[in-house]
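Chemist: Just dropping this structure here.
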Amino acid sequence: MTRRIRFNAFDMNCVAHQSPGLWRHPDDRSHQYKELTYWTDLARLLERGRFDGIFIADVLGTYDVYGGNDTAALRQGAQIPVADPLLLVSAMAAVTDHLGFGVTTGTGFEHPYPFARRLSTLDHLTKGRIGWNVVTGYLPSAARNFGAADQLDHDERYDQADEYLEVLYKLWEGSWEDDAVVRDAAAGVYVDPAKVHHIGHGGKHFTVPGIHLSEPSPQRTPVIYQAGASSRGVRFAAENAEAIFVAAPSKRVLARTVRTVRDALVAAGRDRYAARIYALATLVPDATDEAARRKHQEYLSYASVEGGLVFVSGWMGVDLSHYDLDDPIGEVHSNAIRSIVAAFQESDDEGREWTVRDIGRFAAIGGVGPVFVGSGETIADRLQEWAADTDVDGFNLAYAITPGTFEDVVRYVVPVLTERGAYRTEYEPGTLRDQLFGAGDRLPDDHRGARYRLGAPDSTVLPDELSREPRQAVAATG
Ligand SMILES: Cc1cc2nc3c(=O)[nH]c(=O)nc-3n(C[C@H](O)[C@H](O)[C@H](O)COP(=O)(O)O)c2cc1C
């Protein structure tokens, strides 16, 4: 049977998300990120292309690792200025019916209580099309602006994220019963208090005794996305994620990453295919291979190696301005994104060692994923070959220019894959989770979040008689 390929669009509320320098291209509209019409036009386009969703990245700091300050990042517009990802969703949801929304927020910067409500609100407003990309952060500049001297240690950030998710699962899955809202006009009862439960959470980082503020939304827990690829990150993803973003510069590294992730899903007691895996890639299609090659060359003429190094320094947590451009990357220790360091410490698919210049040039279009250039047929061949050889479910598509790259994908690549039976011909009905797995709107019973449902083993819900006592009494027992 022909293997089906899925697409996600990768964007961010800023200019030239993963293509530093390309904001100078005359056809790039990324500087219009401040206008709703940029986002609503893009959402319509992606839905026309039957993408699974749009994934909106975010950081809460500047890329000030390169050169030890934020001068180069600002000059390059390297994900700065950057605006809020969540506020874009309602507008895009209003002009689409099926497109999913994967929004990124970090677990280190906001208390889970108001965050739980914001995502429930978006799940209601999108009719169940919201996903959350759980990130633990990697920029020390973000931590500093929240009052810390530095970010927590790499693995500790994941430990804290574990508890963050525990609080959220308790609020989303265990607080309100499905039939709690009765809207009984005759009896004058809007909510049946017996069906709303105080979650009773007390942990190392958070104390949340009360109820969730929102009533149950179509999916309750949003689709959980994750992109950590270190060994601790993979364990976290395997326990929580339903969609996993991976990024690797070569097919060999990608295949190994996917195998590791799928093995980890099994080790976490889940099915090998319980999470959809999307690999980062940038496509440069045109009517012919030759036209696409010319277009790629033109894009490269705008790409900024310095901008690429600003990003990679931030991702690696290593100031690459100290290296000679022709130095190999060698042995470095990272407290940022360990998997990216490891990926570049391997030779590329041709067996060459990566130098600092190679990395800067490579990352200047589409970050650390491959760039496929050619006609729709040529690119479809590559995507099908990579999917078959690496076992990914699909691709998370960065852009060289926006929306031009996505227009080209919808125009040249989607029809070829569809013709080959490798791409969906229409959206299935239902929520984002149902679109991804065809197994309903809610988390499956073998997912970690299900353990916090009312009556499930890890529920800490307070007994009714305690939670409905006058507040004084509850405080005394808590
Ligand atoms: C494709 C991809 C997209 C990511 N997007 C973000 C993002 O938007 N914001 C962020 O803080 N981290 C982002 N990350 C970083 C990861 O979520 C994770 O925090 C990081 O990889 C560190 O974990 P690791 O060392 O386990 O890989 C992304 C990683 C990848 C591979």
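Each Cβ is built from the backbone N, Cα and C atoms, and glycine gets one as well.
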Chemist: Looking at the FMN binding annotation from TrEMBL, with ASP58, THR104, HIS154, TYR158 already listed, which candidate in SER217, SER230, SER231 is the matching residue?
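Modeler: It is SER230, as the record lists it for that site.
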Chemist: For which of the residue intervals 14-44, 107-137, 324-354, 448-478 does TrEMBL record region 'Disordered'?
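Modeler: Comparing 14-44, 107-137, 324-354, 448-478 with TrEMBL, region 'Disordered' matches 448-478.
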Chemist: Given a 10 Å Cβ-Cβ cut-off, pick out the one of the binding-site residues THR104, SER230 that has the most other Cβ atoms nearby.
Modeler: THR104
Chemist: Should we count any of the binding-site residues ASP58, TYR158, SER230 as near ligand 1, judged by a CB under 6 A from one of its atoms, and which?
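Modeler: So the answer is ASP58, SER230.
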Chemist: Within the chain of ASP58 (FMN binding site), which residues six or more apart in sequence place their C-beta under 8 angstroms from its C-beta?
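Modeler: Counting only residues 6 or more apart in sequence, the Cβ neighbours of ASP58 (FMN binding site) under 8 Å are MET12, ASN13, VAL82, ASP84, PRO85, VAL103, THR104, THR105, GLY106, VAL135.
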Chemist: What span in Å does the FMN site cover, taken as the longest CA to CA distance among ASP58, THR104, HIS154, TYR158, SER230?
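Modeler: Farthest Cα pair among residues binding FMN: 19 Å.
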Chemist: Tell me the coarse DSSP state (helix, strand, coil) of THR104 (FMN binding site).
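Modeler: For THR104 (FMN binding site) - judged by DSSP and reduced to three states - the answer is strand.
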